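Worksheet: one structure, shown below.
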Amino acid sequence: MMASYTPMIQQYLKIKAEHQDAFLFFRLGDFYEMFFEDAKKASQELEITLTSRDGGSADKIPMCGVPYHSAAAYIEQLIKKGYKVAICEQTEDPKAAKGVVKREVVQLITPGTVMDGKGIHESENNFIASVSEFRDGYGLALSDLTTGENLAVFIERIEDVMSEIYSVSAKEIVVSSKFNEHTAAQLKERCGATISIEDGEITERIEIAKHLPGEELTETFMRLYTYLQKTQKRSLDHLQPVQVYELEEAMKIDLYSKRNLELTETIRSKSKKGSLLWLLDETKTAMGGRLLKQWIDRPLIRASQIEERQEMVETLINHLFEREDLRERLKEVYDLERLAGRVAFGNVNARDLIQLKESLKQVPSIKELVGSLNHKKAKERAGLIDPCGDLLDLLEEALHENPPLSLKEGNLIKDGYHQKLDEYRDASKNGKDWIARLEQQERAYTGIRSLKVGFNKVFGYYIEVTKANLHLLEDGRYERKQTLTNAERYITPELKEKEALILEAENNICELEYELFAVLREKVKQFIPRLQRLAKQMSELDALQCFATISENRHYTKPVFSDNEVKVIEGRHPVVEKVMDSQEYVPNNCLMGDSREMLLITGPNMSGKSTYMRQIALLSIMAQIGCFVPAKEAVLPIFDQIFTRIGAADDLISGQSTFMVEMLEAKNAIVNATKDSLILFDEIGRGTSTYDGMALAQAIIEYVHDHIGAKTLFSTHYHELTVLEDKLPQLKNVHVRAEEYNGTVVFLHQIKEGAADKSYGIHVAQLAELPDDLISRAQEILKQLEQTGDKPELPAVSEKKSAVREEPAQLSFFADGEKEQKAPAVSNKEKQVLEAFKSINILDMTPLEAMNEMYKLQKKLK
């Protein structure tokens, strides 16, 4: 079969056989071509024309292609969709080739190995992960080619592996073919990553991995390193020593809780805006932005480490002018980590090195500024900063101030840096000066005032004369070179001679400049470890000034840490406060301690229960990353873990219902929480029948109270459960206040002691714009239930009885005894508000967005 194809197609098929899982971009002249199934699939994914060509067989071969100069955009599209792309280049000059031009794959681009382009967000890492399965757990290794960072951790539970991979947003996971298929499928679906198989012989342990403890982490990282070697086919010298960490060194937040709390992205839109990261991000560098995300993902649990950050933040708050100067300096610092990575990979251009030079210019001032702060640790930080002055001198001496993007156009190297280059430039300049004089000489010689001397890349130098003046030219002196519509272009023997000298000089200039730049690039490589250390120092300073800036601008307070007490006075949800006018936000207290470990929260839907619960979790996270918190006063314990059961959504991927997801998340907290954990349970049990739900809710409350003792906020609509306050000494009731005003429920968003005594379900249904006749029917049914107490006269409906105590059914503000309800008179202002309500599609909004809209409309009624 192979023999029936042309030699070039045979070459293609041979290379493609080695890269079956990737699109093969096969270089043909100025295009990357794809053939056969690759072409069919690429034409669909990239929306490009599918054609065909003769390949030597009876049938024509499907083909499509993209121009090499714009290939990056097409490659990016494929990578975003989870595909891999193998770049196959011509490795010999076609003019010198005997037979088919030699080609080979020079790089395999995968979702986890993208080095540049729009596929890389400047404030996010691009980690690739490797997971290995062992008898007692899993090895996890992470590497970011763009920054050189490497991490490794041994984890007992696969759920924690998924949480770590989710935290770092790894786009690709490398496993062996023996890895459990079901587990691999879970990793792919829950983490949204591409799974890649690596079964190659693992190379000998390299220098950056020699310190790894145990065979588990060594095997896991070396599998990842082997995969990177195979795909990148170039030096990986910029990779830093593997940093080994343990989950217990930081606050543990499982995958679901990270999503529920919207730490780095929102649940609905998956965007940064609206998340805690969005709120806090006052960083000025890409490096600082990445470090901030890492800090949010892994809050500290050692008081000494937290307090060290707090002290630096407080110092920067107290030095306003120095902080503002620091922010301005950091703004001029480019991404040192990724610049170092580009240097190591050999794809750095002159403009990148100019960015490096401009960044290094800022470092001495930053070092001096930090050293001037009145704080011992700040002075120690300043003392450790290496400005890399020798590298700055080298770049200042060698690089042209405004080089082109291309490395083949010249103008890269400064005058005076290299003697031979200066000689070539003098030759080129002298020749061009001669040509500039030639135009005046020829005009004088011929008497043609419109005569021009010009140049283009196709025809070189020429003398242009309009056709009306051709009769003035001397016969035999001018050789025709090009005919235009209204003019002729000529060359003379003297011009031809100078052209050869100039073009030779310019060609020599470009070649020599490229050689000098390559040498310069190799010299810069020697500075990579120092640049990486400097990048780490700059990113830490940036993250700390970010905390100081947000804390001062938003009037946050420094939290104090306690053994067991929670005392938040006038606390605010940081993100909600930002999206609302700060004067409108209703702050709330949270008091918990030795005799108050659990809060049972009751109140209407959309009154702010979930916001209040998230608020406490976010304040705790902010405190443990070293930031100040939105409160008048904050005393907090150091939590080892945070668990949340908030929201309701079916897990369609794994075929789990809302209630099953709810129970699994509850189990995760119950099994893994300690007395030092924080648990948020929102509406546990609502996904099943009333009796089942109430029974489960009560049992969970009792279990957490009696067996775990963790700080727990438990919101519920089962008002019957509020009697547990009398039976469980650590449980206290609180509720969200709501009042009726002119037939309208006003949510006050205030947390008060005690249990709520009313529900507003029908009111919320009205806000959701359910049909009027449905609302009326609900009110009729509710009236009947109120009249019959706990024995509703409804056929085929189980008799409802409290799991804890018997109480009458919930009352409605909208029912008035047995009197027939009448529609109240509505004012013009109320009509306007009602119309505004009708235009809002609450079902497409998050609870937070809906609450904000309701609050705005409520203000109009006041």
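Glycine too: its Cβ is placed from the backbone N, Cα and C atoms.
Copied over from Swiss-Prot, here are the features:
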BINDING   G603, P604, N605, M606, S607, G608, K609, S610  ATP binding site
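Feature map: Swiss-Prot annotations on the structure.
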| residue | record | Cβ within 10 Å |
| --- | --- | --- |
| G603 | ATP binding site | 29 |
| P604 | ATP binding site | 21 |
| N605 | ATP binding site | 19 |
| M606 | ATP binding site | 23 |
| S607 | ATP binding site | 28 |
| G608 | ATP binding site | 27 |
| K609 | ATP binding site | 27 |
| S610 | ATP binding site | 25 |
- [ ] In three-state terms from DSSP, label S610 (ATP binding site) for me.
- [x] helix
